[in-house]
Amino acid sequence: MLRVAGRRLSSSLSWRPAAAVARGPLAGAGVPDRDDDSARGRSQPRFSIDSPFFVASRGFSSTETVVPRNQDAGLADLPATVAAVKNPNPKVVYDEYNHERYPPGDPSKRAFAYFVLSGGRFIYASLLRLLVLKFVLSMSASKDVLALASLEVDLSSIEPGTTVTVKWRGKPVFIRRRTEDDIKLANSVDVASLRHPEQDAERVKNPEWLVVIGVCTHLGCIPLPNAGDFGGWFCPCHGSHYDISGRIRKGPAPFNLEVPTYSFLEENKLLVG
């Protein structure tokens with residue numbers, strides 16, 4: 001029986017706070033006087049009940065905790081996590097002892113520091129400008145593409161009344177050497193009756209030579225030279241007729257044949273583009 005009683009006593013002591021155990025023996029261990037009982041009843045912690053089951057059940061209560069109170073045990077006896085739960089504090093306390101403090105700078109060196117920072121920013125801005133310019137210029141046409149943008153044509157081999165076709169920027173270009181009759185016929189047309197009114201002098205730089213892009217203005221077909229009702233070009237796709245000056249005279253095309261940018265380098269040298 002003494003052995004069983006000792007086990008019960010040790011189990012009840014393991015659930016009591018350390019401070020409560022240090023204050024005195026459990027109730028019933030001895031026969032104290034009446035004054036000691038009243039004093040112990042006032043100072044006895046609330047979790048000094050002998051039953052371990054009852055103490056554990058109180059831990060599930062929303063208003064009670066199995067962690068000892070401040071008056072029962074010191075914070076030094078508890079782990080850091082338990083102390084944080086026991087005394088929550090919304091104020092953030094920074095550890096200033098683990099951070100190195102630097103003394104304030106010398107005011108006489110601030111001008112040099114500002115100069116270095118400003119110079120660095122200027123260098124960074126210049127590098128950024130060069131990168132932006134390089135990126136923008138990389139999207140422009142290269143030299144070989146620009147060389148193909150212009151086309152030089154020798155006109156000495158073209159007979160009067162004939163038309164030659166050259167390729168410029170992926171499009172056909174019609175170059176026609178007109179005769180005197182062709183020039184008179186182009187100038188005799190009533191411009192007011194045309195769908196897209198243009199004088200013949202507005203479409204040529206030299207009346208002998210007519211230079212137009214060989215793409216129909218309707219749906220982009222290639223007209224046939226020396227064909228149609230007006231002796232110019234005829235589009236076989238939808239039946240558009242152009243005269244000797246490349247102006248639309250009949251059919252669904254809304255505009256005249258486009259005149260590219262060109263110039264005469266010499267009497268028999270033509271530069272398209």
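Residue numbering: from 1, along the chain as shown.
Using the three backbone atoms N, Cα and C, a Cβ is placed for every residue, glycine included.
For reference, Swiss-Prot has these:
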type	residues	note
BINDING	Cys216, His218, Cys235, His238	[2Fe-2S] cluster binding site
DISULFID	Cys221-Cys237	disulfide bond
DOMAIN	176-271	domain 'Rieske'
REGION	25-46	region 'Disordered'
TOPO_DOM	62-110	topological domain 'Mitochondrial matrix'
TOPO_DOM	134-273	topological domain 'Mitochondrial intermembrane'
TRANSIT	1-61	transit peptide
TRANSMEM	111-133	transmembrane segment
Ask   = By the DSSP assignment reduced to helix, strand and coil, which category contains Cys235 ([2Fe-2S] cluster binding site)?
value = strand
Remark   = For the transmembrane segment (111-133), the distant same-chain contacts (Cβ-Cβ under 8 Å, at least six residues beyond its ends) come to 105
Query = If one looks at the chain holding Cys237 (disulfide bond), which residues at least 6 apart in sequence have a CB under 8 angstroms from its CB?
reply = Cys216, His218, Leu219, Cys221
Winner by Cβ contact number (other Cβ atoms within 10 Å) across the binding-site residues His218, His238 = His218
Note = Grouping DSSP H, G, I as helix and E, B as strand, the residues of the topological domain 'Mitochondrial intermembrane' (134-273) number 26 helix, 43 strand, 71 coil
Query = Within 10 Å of the Cβ of Cys221 (disulfide bond), how many other Cβ atoms are there?
reply = 16
Inquiry  = At a 10 Å cut-off from the C-beta of Cys235 ([2Fe-2S] cluster binding site), count the other C-beta atoms across all protein chains.
reply    = 25
